[in-house]
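Chemist: Here it is, the structure, as structure tokens.
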């Protein structure tokens with residue numbers, strides 16, 4: 001208790017006692033700095049693992065699912081550059097990043113509580129939009145928070161800690177409905193009854209309530225334990241308007257950022273193909289189930305276990321990535337990791353037993369661990385510090401742009417493949433393979449290699 005009190009008391013330091021820019025941090029401090037990311041990923045993980053099932057319970061068809069998921073990328077595309085622009089110009093007693101952490105976490109927690117209680121499909125879609133918009137408000141400054149405070153030679157480690165916490169939050173989120181359901185002696189009885197009645201199971205509702213508490217609690221922990229540096233100056237005012245400055249920043253992106261943008265687009269297109277269609281693909285391709293049956297409910301739970309394994313591997317891989325980077329550098333490590341993910345997704349096409357689905361999730365977990373860390377470690381070396389959050393917000397748009405493509409185009413692609421959901425997952429694997437090839441041509445920079 002004394003230790004916690006001492007940690008929290010550091011957040012009450014006066015501006016004169018606040019940490020200075022780019023001082024070295026120990027592992028515990030890096031953990032506290034990004035702990036809120038665990039909550040953000042917990043909330044997003046619940047949404048990703050259970051969103052399609054919630055929509056189908058409310059009557060959504062396979063062709064409608066991509067359009068319903070359009071809320072996530074549209075909110076990110078609009079909000080992230082704007083939050084980045086404002087955050088770089090914010091000056092408050094809490095600093096320029098932490099106010100956005102708190103505001104976004106509060107709204108996200110409200111959306112997490114309301115979403116599983118939606119009474120209609122379009123109410124659920126609106127709440128998903130609120131959740132994604134609010135989560136983006138919290139998430140956008142977190143990457144810049146590390147870049148603001150951590151010295152350049154330690155930033156790869158800082159982003160890897162974020163990746164570890166992302167994976168941990170997603171593991172808990174993916175497995176939570178299954179764990180809650182299995183606290184009962186007859187774990188599927190309530191689930192079966194709910195699905196057959198077209199209702200959202202209680203295990204999923206309780207998971208979302210817990211997610212709201214975790215989201216807000218972890219963000220508050222970061223705010224209390226990690227003061228912002230007192231020698232970071234807000235970005236200077238300009239006669240140009242916000243839209244023009246954002247557009248100018250896009251037009252003048254550094255070469256490294258421009259190339260990384262293509263890598264991000266193909267990487268995340270592969271991930272979104274998996275997130276959107278892996279649960280129904282498992283239900284139809286592996287279990288041979290249809291919506292509204294107990295077997296379908298069990299297949300959805302199994303897809304949650306697969307995603308939990310994927311995210312558990314993400315945690316373990318994050319611990320090992322730093323050692324690989326020290327030998328190969330960020331570029332080659334990222335390319336190799338993406339190749340592992342591509343092989344994993346493509347191989348699902350030849351799997352017909354539920355247990356064997358856990359094997360390709362290992363490769364996907366390695367890829368996602370790298371995607372959460374190494375692109376940002378490469379990016380921070382090429383962008384001006386005074387516009388850090390603006391460029392981070394723009395860079396994150398290259399995550400949401402492929403999601404928009406997936407949301408608008410995958411329904412049409414589904415018709416071309418005869419509504420074969422597993423083909424979309426395999427298509428995602430080929431997209432990730434393209435990203436692995438492109439990563440080899442990221443412009444050379446000073447990388448963290450062992451002597």
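Every residue gets a Cβ built from N, Cα and C, even glycine.
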Chemist: Which stretch, out of 237-259, 260-282, is listed as transmembrane segment by TrEMBL?
Modeler: 260-282
Chemist: Between the transmembrane segment (99-115) and the transmembrane segment (200-224), are there three or more C-beta pairs closer than 8 Å, counting only pairs 6 or more apart along the chain?
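Modeler: These two segments touch.
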Chemist: Taking contact to mean 3 or more CB pairs closer than 8 A (sequence separation of 6 or more), are the transmembrane segment (200-224) and the transmembrane segment (159-180) in contact?
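Modeler: Yes, the transmembrane segment (200-224) and the transmembrane segment (159-180) are in contact.
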Chemist: Answer with yes or no whether the transmembrane segment (358-378) touches the transmembrane segment (159-180) by the criterion of at least three Cβ pairs under 8 A, sequence separation 6 or more.
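Modeler: Yes; at least 3 Cβ pairs under 8 Å.
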Chemist: For the transmembrane segment (29-47), name the stretch out of 67-87, 121-139, 302-324 with the most CB-CB pairs under 8 Å.
Modeler: 121-139
Chemist: Please give the sequence-distant neighbours of the transmembrane segment (358-378): residues at least 6 beyond its ends with Cβ less than 8 Å from one of its Cβ atoms.
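Modeler: Same-chain residues near the transmembrane segment (358-378) but 6 or more away: 143, 146-147, 155-156, 159-160, 162-164, 166-167, 256, 260, 263-264, 267-268, 271, 274, 305-307, 309-318, 321, 325, 330-331, 333-334, 337-338, 340-345, 347-348, 351, 392, 395, 432, 442, 445, 448.
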Chemist: Taking 67-87, 121-139, 260-282, 302-324 as candidates, which has the most Cβ pairs under 8 Å with the transmembrane segment (390-410)?
Modeler: 67-87
